[in-house]
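Asker: Quick paste of what TrEMBL says about this protein:
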type: BINDING; residues: Cys114, His157, His161; note: Fe cation binding site
type: ACT_SITE; residues: Glu158; note: active site
Amino acid sequence: MLTMKNVIREGHPTLRKVAEPVTLPLTNDEKELAMEMLDFLKNSQDTDIAEKYELRPGVGIAAPQLNVSKRMIAVHVPSDLPEDTAPQFSDILINPRIISHSVKQTCLSEGEGCLSVDREVQGYVPRNKRIRIEYFDTDGNKHNKRLKDFPSIVIQHEIDHLNGIMFFDRIDSDNPMALPKDLEVLGYEEE
Ligand SMILES: COc1ccccc1NC(=O)N[C@H](C(=O)N(CC(=O)NO)CC1CCCC1)C(C)(C)C
Ligand SMILES: [Zn+2]
């Protein structure tokens, strides 16, 4: 099973590479890795497993973070509602592409972190509020989905990893708490 020691950290050159598109159909190794990535996220959200293996509570991971420079990401976003066990969004996305997005931007009120970054970085990370994505699943079927808010932020964060972009690249270093106009802050102070 994947643990934090498989995750490469800030400074590793692979995190700054543009990952290669995956040729379909996936090889068995690529399928295996994709499923391990999703399992890692599920394990990280299981109290006992996460504690036992010291996993950070992950909602998304990109293959480059495992030193595999391929355009594959896994996303597993739990529901906002505690009584709801079904995740808001859970899938493995092969060659994901943002095909359109809202003008409206959003950001997390508490900023962002990253499984590959072992430090706090303050500042808002402006992202598109809504995105339409196209991607392939591990069976090679094409999907086209519209996402907004947190699931949309997670997927944009992961697709950035496929392009060698880290979340702090998007923070305005002159004024980290600057809120671009037409941006809606997402998070606890939300009604
Ligand atoms: C179960 O966990 C949650 C439940 C509800 C809200 C948030 C979370 N968890 C996270 O935001 N987790 C972050 C995360 O997985 N990532 C993914 C990552 O680093 N991918 O490369 C960072 C997030 C920052 C914004 C979007 C993803 C870390 C860096 C804090 C582990
Ligand atoms: Zn990350």
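From the backbone N, Cα and C atoms, a Cβ is placed for every residue, glycine too.
Automatic, uncurated: that is what TrEMBL annotation is.
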Asker: Within the same chain, and leaving aside Cys114, His157, His161, name every residue whose CB is within 8 angstroms of the centroid of the CB atoms belonging to the recorded Fe cation site, in sequence order.
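Answerer: So the additional residues around the site are Gly60, Ala62, Gln65, Glu112, Leu115, Ser116, Glu158, Asp160, Met166, Phe167.
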Asker: Could you list the residues of the same chain, at least six apart in sequence, whose Cβ is under 8 A from the Cβ of Glu158 (active site)?
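Answerer: Correct list: Gly60, Ile61, Ala62, Ile73, Val75, Leu93, Pro96.
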Asker: Helix, strand or coil for Cys114 (Fe cation binding site)? Use DSSP.
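Answerer: SS state of Cys114 (Fe cation binding site) = strand.
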Asker: Helix, strand or coil for His161 (Fe cation binding site)? Use DSSP.
Answerer: helix
